[in-house]
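TrEMBL annotations:
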| type | residues | note |
| --- | --- | --- |
| DOMAIN | 1-474 | domain 'Amino acid permease/ SLC12A' |
| DOMAIN | 485-573 | domain 'SLC12A transporter C-terminal' |
| TRANSMEM | 12-35 | transmembrane segment |
| TRANSMEM | 56-77 | transmembrane segment |
| TRANSMEM | 110-131 | transmembrane segment |
| TRANSMEM | 136-155 | transmembrane segment |
| TRANSMEM | 244-267 | transmembrane segment |
| TRANSMEM | 287-312 | transmembrane segment |
| TRANSMEM | 333-350 | transmembrane segment |
| TRANSMEM | 356-380 | transmembrane segment |
| TRANSMEM | 392-412 | transmembrane segment |
| TRANSMEM | 418-435 | transmembrane segment |
Amino acid sequence: GFVVGHAGLYQALAMFAVAYFIIGMTVLSVCAIATNGALDAGGAYYMISRALGPEFGGSIGIMFFLANVCGSALYVLGLVEAVVDSFGIPPGQKVGTGVHVLPQSYWYELLYGTVLLALCLVVCLVGASIYAKATFLIFLIVAGVLGTILVSFFATRPIGVPIRLPHFNGSEVENGSFTGFSLATLRDNLGGGYAVDYTTGQMMSFSSVFAVMFNGCTGIMAGSNMSGDLKRPSYSIPRGTISAVLFTYLVYNLLAFLMCATCNRTLLQKDYGFLRDISIFPPLVTVGIYAATLSAAMSNLIGASRILYALARDDLFGRALALAKKTSASGNPVMAVILSWLVVQLVLFSGKLNTIAGVVTTFFLLVYATVNLACLALEWASAPNFRPTFRYFTWHTCLLGIAGCCVMMFLISPVSASASLGFLLLLLLALHYLSPSSTWGYISQALIFHQVRKYLLMLDVRKDHVKFWRPQMLLMVQNPRSSARLIDFVNDLKKSGLYVLGHVELQDLDTLPSDPLQPQQDSWLSLVDKLNVKAFVSLTLAPSVRHGVRQLLFTSGLGGMRPNTLVLGFYDDAAPQDGLARHPAFSSAREEVPLGFPALRAPAAPKLLSAREYVGIVADALKMLRNVLLARQLESLDKAWELRRAASPPPTIHVWPVNLLRPDSARYADTCSLFLLQMACVLNMARAWRRARLRLFLCVEAGTMPHAQEEKLRQLLKDLRIQAQIQLVPWDAVTRLHWQTHQGPPGGPAPAGEAAEEEEAVNFPANATQVSDEYVCAANKLVLEQSPAPAVRFLYLPRPPADTSLYPLYLHQLELLTRGLGPTVLVHGVSAVTSTQL
């Protein structure tokens with residue numbers, strides 16, 4: 001009557017259609033989730049938490065608890081209004097007459113609400129079985145009353161109904177009328193006629209009437225909330241919910257039509273209890289109203305208690321809800337019921353039904369939207385285990401349900417909707433950072449997998465372009481205890497590219513009972529988390545380290561995301577140091593070093609890798625067209641200290657883009673030099689290294705027009721948009737040692753043109769044989785003399801010799817070249833990585 005009196009028949013039918021469209025879509029989602037596995041206590045909370053994870057589940061659980069609590073208070077206040085209308089002392093009279101004996105005031109109505117709520121509490125404390133019996137009895141009563149009302153529309157003759165306006169105009173009496181079936185009455189009630197609500201004194205509108213009406217449709221979760229008490233929830237919830245929705249929709253529409261055809265607008269707007277006046281047996285209507293509101297109040301109270309119990313049992317809020325876990329001997333969560341009752345009692349202080357209707361509706365709509373979201377996520381994730389026996393839903397119905405809920409939420413009350421979403425967001429953030437990890441499975445992981453697979457298939461290596469090149473690193477780690485700072489450094493060097501930590505375990509699977517790598521995986525992943533690096537972990541078994549590295553180079557990555565750069569620690573005789581225990585990630589937070597990593601090799605113990613095999617790994621990587629970085633003494637790099645020193649002077653990165661082991665072929669524009677420049681620039685772009693300054697060293701000899709060379713290099717840096725200081729370094733004294741050894745003139749021939757360069761790349765010239773140790777030591781001294789000392793140096797890494805017997809000599813000269821230089825990265829690039837195009 002309230003709805004059709006203010007909105008008219010057309011808008012009332014539209015309201016019912018919109019409301020039932022929203023809850024219809026939600027019911028389909030509820031049925032889908034409910035039939036996809038065993039349900040436990042908590043209803044919608046249980047469904048959402050197990051589908052979307054603890055953050056969404058916990059926050060929506062609290063919202064749904066509050067929705068049920070406010071809903072219970074709403075129905076109790078509705079019952080109070082009905083009781084006062086029937087038995088309240090009329091305004092202006094001090095003493096009641098006949099049945100009108102109950103005083104009317106805010107505090108008296110609060111007292112009546114408290115007594116009625118206590119009755120609901122007693123039923124809910126006894127347990128779910130008595131509640132089920134009580135609600136079934138109430139259902140029979142309400143069905144009987146409904147039958148008499150439908151008969152009354154046809155049986156009652158036209159009558160006038162005097163209406164007292166109790167709250168604001170106590171002496172005024174208006175006359176409503178029941179006209180019987182009349183075309184004129186129907187025509188008058190077709191359009192809207194919004195007026196002041198006599199219980200609150202507020203002007204009604206479409207949104208405020210819809211908010212009150214929608215509370216008559218929120219019972220769709222009543223069955224779901226009892227999921228822990230049902231024998232077969234997956235069977236009962238879909239059948240019970242769908243039949244209830246269809247039944248109530250038909251009843252509401254039928255009643256709306258009958259009221260509009262028989263009652264004038266004054267009666268509908270000014271007397272919400274008019275059905276008593278037109279009934280063939282008025283007391284039965286009163287009993288029906290009491291029964292319906294009492295049933296709804298109990299349903300919401302027991303639903304709220306079950307949600308609170310499920311939240312407490314899942315330990316999402318820790319000790320805050322510990323009390324709600326306690327149950328009776330029969331399993332009834334009595335403490336959760338009592339706590340829910342207390343919160344409902346607090347809400348009763350709001351005083352009027354229509355005052356809290358908007359907030360309750362907003363909460364319910366938000367919960368329904370999230371149920372649809374949970375079903376949509378499960379459907380979109382395409383997980384094989386999501387196969388509900390209820391199939392009458394698609395992702396379209398979920399999406400429509402979400403859209404409908406959100407639109408109506410903001411139409412009803414933009415302020416309540418915004419506040420509810422803000423509260424939900426706060427709960428989400430709090431649970432994300434504070435709640436313990438769960439074992440329910442995270443839908444986010446399934447959705448991420450689904451999307452990543454889709455985009456990986458779209459990532460076509462044939463469409464790669466040098467403009468969009470980025471380093472994709474494979475860092476080989478023997479023992480993380482001695483490589484923590486190197487892992488950190490390469491994380492800065494990857495520039496949003498792929499980063500894989502590779503490890504080779506020297507064992508034979510044929511001789512083992514099971515895979516020894518599986519138990520190690522968790523330790524490595526824990527290490528990645530603690531060091532806060534964005535890396536994947538790839539472990540392999542192999543008979544030798546070289547074979548293992550080959551395996552990882554061939555198989556690491558997926559589709560267009562494969563490592564293009566291999567990073568190795570340097571091979572020398574230095575004793576390994578345990579840098580993991582001293583790393584800030586463990587020392588400052590008082591964290592224990594992850595277990596599972598073996599102790600470091602003793603200095604006297606033999607190495608797992610020979611010098612020949614180490615150089616062979618470098619050669620293998622270059623044959624497979626992978627760039628190679630060799631990192632020496634990176635464990636001595638204290639990045640935090642280097643980069644937070646006093647602002648003047650800022651730390652520097654020294655770059656030597658010339659092959660110091662080939663003084664007769666000093667070129668600055670070959671592929672390897674450009675790759676070395678790119679890597680130094682990438683490091684400088686990392687957030688932690690932005691204060692550092694690049695310093696580029698140009699080695700010049702007498703009589704070679706150094707300023708022309710400098711200008712040419714400066715132009716190259718400008719074209720590549722690399723900001724670096726160029727420093728000229730005379731190295732006649734160093735090259736003289738080379739020419740003395742080879743008895744050749746300083747102006748001797750050098751490999752000319754790109755053809756010669758390409759031929760060298762194929763034939764692996766034995767460049768290690770062309771320089772003496774004396775020359776290499778002089779080159780090392782030249783690099784070392786450039787002050788101030790940098791945070792890190794980048795040097796050109798020559799190709800290994802073609803003759804494998806020269807591998808030890810090649811490694812020996814690399815060791816001489818980098819001895820005492822501090823943190824140093826030797827770089828060899830095989831792919832074009834720089835671009836001057838837009």
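Note that Cβ sites are derived from N, Cα and C of the backbone, with glycine treated the same way.
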Secondary structure content, the domain 'SLC12A transporter C-terminal' (485-573) (per DSSP, counts of residues): 37 helix, 22 strand, 30 coil
Segment-level pLDDT (mean, integer) for the domain 'Amino acid permease/ SLC12A' (1-474): 82
Listed stretch, out of 56-77, 136-155, 287-312, that has the most CB pairs under 8 angstroms to the transmembrane segment (244-267): 136-155
Candidate ranges 12-35, 110-131, 356-380, 418-435 - greatest C-beta contact count to the transmembrane segment (56-77) (under 8 angstroms): 356-380
